[in-house]
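Residues annotated as transmembrane segment in Swiss-Prot, with sequence analysis given as evidence: 8-28, 35-55, 78-98, 104-124, 125-145, 159-179, 203-223, 271-291, 297-317, 328-348, 376-396, 409-428 (among others).
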Amino acid sequence: MTITPQQLIAMLPLLIVGLTVVVVMLSIAWRRDHFINATLTVIGLNLALLSLYFVGQVGPMDVTPLMRVDGYSMFYTGLVIIASLATSTFAYPWLVGYPDNREEFYLLVLIAALGGILLASANHLASLFLGIELLTLPLFGLIGYAYRQKRSLEASIKYMLLSAAASSFLLFGMALLYAESGSLSFVGLGQSLSDSMVHQPLILAGLGMMIVGLGFKLSLVPFQLWTPDVYQGAPAPVSTFLATASKIAIFAVVMRLFMYAPAADSEAVRLVLSIIAVASILFGNLMAISQTNIKRLLGYSSIAHLGYLLIALVAVQTHELALPLETIGVYLAGYLFSSLGAFGVVSLMSSPYKGPDAESLFSYRGLFWHKPILSAVMTVMMLSLAGIPMTLGFIGKFFVVAMGVSANLWWLTGAVVLGSAIGLYYYLRVTVSLFLSPPQSLVRDTPSNWALTAGGVVVLISAILVLVLGIYPQPLITLVQMAQPLM
């Protein structure tokens, strides 16, 4: 098969990030320089982000049988690259105090970003699996990067063992689907899995196993047990990547699979997804109430957020595609910027070897009296995650509720409202502790000029975006409406 210039342009983000991986590798081999490698990484990711403009000019197409580049894949590629950029900028000050090799961190982030970009345009079960593995394997190394701390190493081992088990479930599920349908591409699966076939035991078993594998990666109940431990043990910049890029990329590919394959029409599959969604919303929110560690709290809250999103998957079948797709785009954009801001503040407050990460809620007590702007940012992020009006998080929640109502999913909509009410409590708990009187004994190691560091700039931009798009969301909604998949 000959590749035309148009197809090369359509693959630009993948090619640029892949090239950056090679350049950073050679640069590490030539001379270890933390600053140079961090700069190369950021330049490469920015070029990949800019290249999306040219990708948009060539129009939607199937580049290879494995990849379909369209507005949908461009939107999620953009989100993944933004998350990777933020991770790299948060990691720089964190790594400055790190005694061992620092440069490999950026290499792992780039490889994981490559997996995320592949997932955003995956159109075939092979590229789905390749993308998920490319995304997960570097995460083992990233989670255990501060391996001299017992917690980080333990988190890495937990994630690795469970992830391997989940991947094997996923592969076996794919094998069963292939055995029954004889096709691995999403569109081919959609054509061969006609309504009569969905009820065959092999197909249902295959779908069930794929739900287990993907549910683990998205940390949905009951496959969520690793989430709080890993979020807590991983370095703060890595938790950022785990909460944003990996979840967004995998959710994007699951959504695409559901659009093409009518497995969605099966009542059994929808029932299972509805139960998982309600369980995730309630479990995530209820468990977060008692947490005193902010990373664990954000870990549990991410379980709940993916529960809200799962409702869009259930609504895909009952409804035309436009509203669920818009909902997912708006919600994930809001979730991305809110999480980047929240984890960014945690990263700015933590440094690897000056005592433990500032993760306990106690270390945020009275932060307002020392760092008023930083605590204002944290407040905005918490309100956005809770879905308070005038923030981007509210627009996302509003779309979810509107979609649930229009698809007549009353139970699920009720669960969203209930979950948001519970969520309000623990998000406000974090916010209130920022404004209490500060304890005497606490030493803070945030740099006094944090707003001038790269990480500080990312956090401030996230806060501004969350507020501006929360008040006037039209630009984002227009962008999401343009990001339609090629059917």
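Just so you know, glycine gets a Cβ as well, placed from its N, Cα and C.
Nonlocal intrachain contacts for the transmembrane segment (78-98), taken as residues 6+ away from its ends with a CB within less than 8 angstroms of a stretch CB, comprise 13, 17, 34, 38, 41-42, 45-46, 48-49, 52, 105-106, 109-110, 112-113, 116-117, 119-120, 146, 235-238, 240-241, 244-245, 248-249, 332-333, 336, 340, 343-344, 347-348, 350-354, 447, 453-455, 457-458, 462. Comparison of 8-28, 35-55, 297-317, 409-428 by number of C-beta pairs under 8 angstroms to the transmembrane segment (203-223) places 297-317 first.
Counting residues 6+ beyond its ends, the transmembrane segment (297-317) has Cβ neighbours under 8 Å at 218-221, 224, 227-228, 230-232, 239, 243, 247, 251, 254-255, 258-259, 262, 264-265, 270, 273-274, 276-281, 283-285, 287-288, 291, 323-324, 327-328, 331-332, 335, 339, 342-343, 346, 361, 385, 397, 400, 403-404, 407, 409, 412-413, 415-416, 419, 423, 426-427, 430 in the same chain. Between the transmembrane segment (159-179) and the transmembrane segment (125-145) there are at least 3 Cβ pairs closer than 8 Å, counting only pairs 6 or more residues apart in sequence, which means the two stretches are in contact. Away from its own ends, the transmembrane segment (271-291) comes close to residues 208, 211, 215, 220-222, 224, 228, 297, 300-308, 310-311, 313-314, 409, 411-412, 415-416, 418-419, 422-423, 425-426 of its chain (Cβ-Cβ under 8 Å, at least six residues beyond either end).
A Cβ distance under 8 Å defines the sequence-distant neighbours of the transmembrane segment (125-145), meaning residues of its chain 6+ beyond its ends; these are 66-67, 104-105, 107-109, 111-112, 114-116, 118-119, 152-153, 155-157, 159-160, 163, 167, 170-171, 174, 177-178, 184-186, 189, 217, 230, 233-235, 238, 241-242, 245-246, 249-250, 253, 257.
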